[in-house]
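J.: Sharing the feature lines straight out of TrEMBL:
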- 203-237: repeat 'PPR' (REPEAT)
- 238-272: repeat 'PPR' (REPEAT)
- 273-307: repeat 'PPR' (REPEAT)
- 308-342: repeat 'PPR' (REPEAT)
- 345-379: repeat 'PPR' (REPEAT)
- 380-414: repeat 'PPR' (REPEAT)
- 415-449: repeat 'PPR' (REPEAT)
- 520-554: repeat 'PPR' (REPEAT)
- 555-589: repeat 'PPR' (REPEAT)
- 590-624: repeat 'PPR' (REPEAT)
- 625-659: repeat 'PPR' (REPEAT)
- 765-799: repeat 'PPR' (REPEAT)
Amino acid sequence: MFVSFKNNPCLSPLLAQFPSLWPQKMATVYQAPCLANFKATRTKIQCKKIKNDSVFEEKKLVFVDYEKGDHHVSTHVNGLRKADLTKQYRLRVEGDRFQKDWTVSEVVRNILELQPSNDVHGLLNCWIGRFARKNFPLLIKELTQRGALEHSVLVFEWMKNQKNYCARNDIYNMMIRLHARHNRSDQARGLFFEMQEWRCKPDAETYNALINAHGRAGQWRWAMNIMEDMLREAIPPSRSTYNNLINACGSSGHWKAALKVCKKMSENGVGPDLVTHNIVLSAFKTGAQFSKALSYFELMKGTNIRPDTTTLNIVIYCLVKLGHYEKAMTIFNSMRDKKSECHPDIVTFTSIINLYSVCGQIENCKAVFSTMIAEGMKPNIVAYNALMGAFASHGMSEEALTVFNEMKSSGFHPDVVSYTSLLNSYGRSKQPQKARQVFEMMKRDKWKPNLVSYNALIDAYGSSGLLAEAVEVLREMEKDSIQPNIVSISSLLASCGRCGQKVNIDAVLSAAEMRGIRLNTIAYNAAIGSYMNIGEYEKATGLYKTMKKTKVRPDSITYTVLISGCCKMSKFVDAVEFYAEMMDMKVVVTKEVYSSVICSYSNQGKVTEAEAMFNKMKVAGCHPDVITYTTMLHAYNNAGYWEKSCELFQEMVSHDILFDTVACSALMRAFNKGGQSSKVLILAELMRERNIPVHDAVFFEMTSACSLLRDWKTILDLIKLMEPSLSVVSIGLVNQILHVLGKSGRAESMLKLFFKIMASGAEINFSTYSILLKNLLAAGNWRKYVEVLEWMMDAGFTPSSDMYSDILSFAQKSAGPKHATVIRDRIENAAAVVNYIKDEPLELPCYIPEVYY
């Protein structure tokens with residue numbers, strides 16, 4: 001600095017009187033031996049600034065609690081302190097005990113300890129560092145990094161009222177980014193216009209922050225307009241600008257617009273980086289374009305950009321959604337490899353938990369969660385919610401409650417998703433009262449139930465058949481200003497079907513129409529299924545026609561419900577017609593549809609068509625289950641194709657099909673009819689080993705097999721096995737066993753079993769007595785024959801003429817004249833008593849010879 005004294009004659013005496021006005025450091029003064037004789041015309045004075053860059057550096061502070069195993073890392077910034085201020089400001093605060101020489105980090109900590117309604121301005125007025133303008137960006141940066149929106153707004157207002165404040169781009173950019181984090185796009189836009197009023201020209205970083213703010217709020221069109229404004233201002237967009245704009249479009253579900261921006265980005269010479277690729281993949285994921293995301297990932301492999309953990313997390317998510325579980329697990333296992341560059345994080349493990357949940361492998365969900373903890377990762381609330389959701393989807397309420405309590409003990413506060421998952425677990429386990437308790441607990445904990453929560457509660461009541469309570473929840477939802485959606489209607493429709501109330505199905509459909517809720521495929525499926533469950537075939541088919549008329553595409557579930565419902569109501573021709581429509585619309589045929597169509601052909605006697613459909617099912621990759629095999633067995637049995645039934649049995653064994661009781665009875669029937677009765681007993685032994693329940697049809701076939709094989713010992717063993725349940729055994733089985741015992745010549749065993757049957761209170765019919773009489777007559781036991789006739793008449797059954805003829809013919813041929821007379825007299829006396837009671841004339845066979853009189 002050069003000071004001229006020639007034009008300032010009063011400067012020398014002034015400097016002599018007030019030496020404090022001299023600079024602290026002065027360069028060499030030319031021609032100035034003393035102040036009194038100061039005659040120099042020009043003096044050079046150089047003022048050097050204090051360079052103390054260390055006050056602006058961020059220092060890491062680490063706090064470790066070895067007892068609890070916690071550690072906390074924070075940053076500390078000093079800023080300009082009292083010693084760094086000019087002397088006039090130091091003198092101003094000297095001796096004032098209310099003025100505090102805090103660092104910037106201490107000021108931030110003190111501000112955050114205050115409530116926003118408290119005097120933040122008063123605290124800042126006690127800070128000595130407010131006189132240093134360079135502290136302001138540091139203060140705003142610290143506050144915005146903490147995410148304290150309200151405190152930052154108050155500090156920014158105070159800052160603008162300071163005399164030494166100067167508007168700066170970086171401060172406005174930080175404030176705009178903070179508003180973006182809180183989805184306050186209007187306030188961010190207001191700051192954008194305010195900075196221009198302060199003659200602070202927006203730069204590329206400002207536009208980036210503003211585009212990010214609108215992207216977070218889902219206002220992607222605003223973001224596109226801001227980009228156009230940026231180009232008009234001749235500010236070249238950076239890669240971050242394009243990434244923010246692509247993210248704005250993609251997060252709103254407009255993946256096509258995101259691709260256009262990405263293409264424009266490449267055309268303008270700004271090449272995409274890894275962040276760009278991840279944003280595009282995320283856009284496909286948000287827009288449910290999972291196949292396109294995988295295709296884009298394959299294209300990405302051809303570039304020099306290597307995927308990171310975020311990239312692979314998105315790919316795993318898309319693979320799970322598409323049902324490619326093996327590929328997802330392959331990527332996950334490759335990430336866990338020690339040589340891998342992308343190691344799994346909490347998001348990766350959470351995706352794998354969801355994968356196993358969809359597959360129904362709950363034990364693996366718990367194993368993955370434990371592995372995540374074992375690898376040193378602390379689960380977040382999303383991971384806990386994923387595990388709870390896995391338990392909830394399978395109705396495992398106790399396990400879900402355990403995870404819920406573990407989450408709270410880990411220091412996490414359950415959110416709406418947590419409560420909804422726990423509520424859903426009780427609903428799936430048919431505990432609607434506990435589901436309601438969780439719902440009330442959610443409201444007590446100051447969480448407002450959302451639409452998903454209400455739908456889960458409606459489903460909890462509906463799945464238990466409590467339709468009135470489900471409807472009341474719907475009304476409660478509307479009172480809380482939450483409008484029901486199609487999921488609410490679908491839950492109510494399914495509930496109506498379980499309750500068997502046709503009127504309520506119509507009422508729910510009317511309520512949906514009144515509220516302007518258009519039924520989708522799932523709702524139509526629920527309504528059609530409900531009508532089918534209560535036997536309203538015309539209503540169900542009418543709804544199906546309405547579905548097609550309104551251009552709602554039926555899916556495999558629609559046709560499965562229709563075809564299976566037709567089979568239950570014996571409308572087999574209609575079932576085949578629905579199958580033909582299903583094929584015309586190229587809908588994927590499910591295993592249930594194949595089984596139902598096979599059943600329809602079988603009941604129509606079309607064995608060839610049923611066999612062709614069975615083979616088509618196997619070619620399509622739908623492995624037949626035991627129900628399908630049983631249906632084919634019945635088809636072959638009804639057509640008399642016993643050899644094919646036996647071949648089907650060998651196929652079931654080779655495919656490790658688990659037999660059930662119905663399949664075993666059908667197989668036994670085929671073996672008996674096909675002359676392979678010995679296999680019936682082998683199959684019976686297999687049933688015993690596998691603990692397969694045995695019912696009347698199985699006993700009947702076993703008895704028939706023993707009769708054909710003349711295995712009387714096994715029959716006696718069967719009778720001993722059946723004795724405890726004689727009261728519930730069908731009358732057909734009783735008659736069959738009595739017939740076999742009589743045929744074997746064991747008349748006394750037959751009578752003993754008959755007495756036991758009578759003592760058990762089981763039902764006896766006319767055929768039972770007929771079997772007894774025929775076998776007694778074959779054994780020559782005419783006395784028991786006559787007694788059984790008397791028992792028969794006592795039980796209210798009138799013997800037929802053939803029964804009288806048989807015993808009288810036996811008396812003529814085998815009993816002799818003496819016994820014939822006795823037999824005649826006893827028969828006449830017994831018949832006379834019965835006919836006297838009935839007041840009917842006595843009628844005996846007219847062809848009885850006179851010798852009997």
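Numbering starts at 1 and runs along the chain as it is shown here.
Glycine is treated like the rest: Cβ placed from N, Cα and C.
In TrEMBL, annotation is done automatically, which means it is predicted and not curated.
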J.: Within the repeat 'PPR' (415-449), how many residues are helix, strand or coil going by DSSP?
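T.: Per DSSP, the residues of the repeat 'PPR' (415-449) fall into 26 helix, 0 strand, 9 coil.
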J.: If we skip the immediate neighbours and take only residues 6+ beyond the ends of the repeat 'PPR' (555-589), which ones have a Cβ under 8 Å from one of its Cβ atoms?
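T.: Beyond its ends, the repeat 'PPR' (555-589) has Cβ neighbours at 521, 524-525, 528-529, 532-533, 535, 537, 540-541, 544, 547, 596-597, 599-601, 603-604, 620, 622.
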J.: Please compute the mean pLDDT of the model over the repeat 'PPR' (415-449).
T.: 90
J.: For a three-state summary based on DSSP, what are the helix, strand and coil counts in the repeat 'PPR' (590-624)?
T.: 26 helix, 0 strand, 9 coil
